[in-house]
Amino acid sequence: MIIGLTGSIASGKSTVSEMLKNLGYPIIDADLVARLVVEPGSDTLGQIALAFGDEILREDGTMDRAKLGEIIFNDPASRKILNDIIHPAIRQEMLRQRQDFLAQGFKTIIMDIPLLFESRLQHLVDKILVVSVTEKNQFARLVERNNFTEKEARARISSQLPMSVKEDGADAVIYNNGTLNETESQLNRILANWQTSLEKE
Ligand SMILES: CC(C)(COP(=O)(O)OP(=O)(O)OC[C@H]1O[C@@H](n2cnc3c(N)ncnc32)[C@H](O)[C@@H]1O)[C@@H](O)C(=O)NCCC(=O)NCCS
Ligand SMILES: Nc1ncnc2c1ncn2[C@@H]1O[C@H](COP(=O)(O)OP(=O)(O)OP(=O)(O)O)[C@@H](O)[C@H]1O
């Protein structure tokens, strides 16, 4: 079973992903893959520099994430240009990792994909687990974690589909507004349910 873990920015995907990792599940992390495919000298980073100019490169040849983020989270047209370049490379690497885990004999694999719905990747997974938060908690956690201004946080939140749309498309939702223990209990309940339904199949 391939489980797609998603949600909005700062909803708690990495927090839940860490819990799943501790339970022994193999994790494919799209944010990590997104960093992997833009290593200095990569074809993808070359294309991004062509599209956005060498200003988005640091002196050591790495991508200036803050600068590129400032551009793409404030301009939908630029965001689309970046997505069109980087998403095929991310998808290819995620599928390669999935193949690797399957070859190693893992029966359940977690794909942590923040933009699962935005990129219409539902077909890649068997079950969709959405981590949801209230707007108030999301905003407060994002500002605190990234030290963002209100404007920076709002720009990032509005670059994604509303939380409610993601909840509607989910097979199960974790409401991550309470303690981490409460979040973990919800996770365990969902996993137990899915395990039972699989055994019946
Ligand atoms: C713009 C970049 C350089 C900013 O880097 P930064 O280190 O500040 O953020 P990071 O990569 O940690 O992403 C944080 C979160 O932002 C959100 N986010 C990232 N990219 C996008 C995007 N294109 N559209 C909407 N939300 C996005 C996701 O929720 C992600 O979890 C980076 O996010 C990036 O390369 N984005 C394009 C790749 C992508 O779409 N990644 C999302 C996972 S597929
Ligand atoms: N139940 C909780 N109570 C308080 N803080 C929390 C809770 N869950 C997560 N957090 C905090 O909220 C922030 C966002 O969580 P996390 O990094 O897991 O979100 P994410 O969905 O992976 O974010 P991104 O989309 O940016 O990758 C983190 O600083 C995390 O420590």
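Please read every residue number as a count from 1 along the shown chain.
Each Cβ is built from the backbone N, Cα and C atoms, and glycine gets one as well.
Among the features that TrEMBL reports, ATP binding site is placed at Ala10, Ser11, Gly12, Lys13, Ser14, Thr15. Counting every protein chain shown, the number of other Cβ atoms lying within 10 Å of the Cβ of Lys13 (ATP binding site) is 24. The DSSP secondary structure for Lys13 (ATP binding site) is helix.
Apart from Ala10, Ser11, Gly12, Lys13, Ser14, Thr15, the ATP site neighbourhood in this chain, defined by C-beta within 8 angstroms of the site C-beta centre, holds Gly7, Val16, Ser17, Val131, Val133, Asn176. All protein chains considered, the CB of Thr15 (ATP binding site) has 17 other CB atoms within 10 Å.
Note on the binding-site residues Ser11, Ser14: the fewest other CB atoms within 10 A surround the CB of Ser14.
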